[in-house]
């Protein structure tokens, strides 16, 4: 190889011969070897069929999912479910005394409640309603209310009476704090 003439812009060190770009292209055979396409007609057909079936199943699942979402949104717009309303309209406490000797609470409480269904197209059936009377976090009575059906845009008034006596567990000093005695 003949020596390379010194180039004026270099500092005099030898950098080797210039790199020539490759102009030669070649065919690289696939896994099957040989010079042509490496696809076996049987395996090529099987993989094509499996791929088509997989794509078809995915498209069907996506279509069904979109369809169900659209149907759900349509039903929601038709029915527009609202939360039922409930409030205590009136409460009358005629007796609420604690026995000084044995921590027995005597009570007579009447409560009137109103249930309201604000939905225009949905009715609500209340199977079982349990009302609890609680004082300072301690339940002293409960009552069962018979179930009922509340039609759309309807109201129902329910009365519950708590009457009786209950042993109340009090700690030291609780009697004066809770019942104003002492």
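Keep in mind that glycine also has a Cβ here, set from the backbone N, Cα and C atoms.
Range 1-20 is the one annotated as region 'Disordered', of 1-20, 21-40 (source: TrEMBL).
As a summary of secondary structure, the domain 'Late embryogenesis abundant protein LEA-2 subgroup' (114-163) carries 0 helix, 37 strand, 13 coil according to DSSP.
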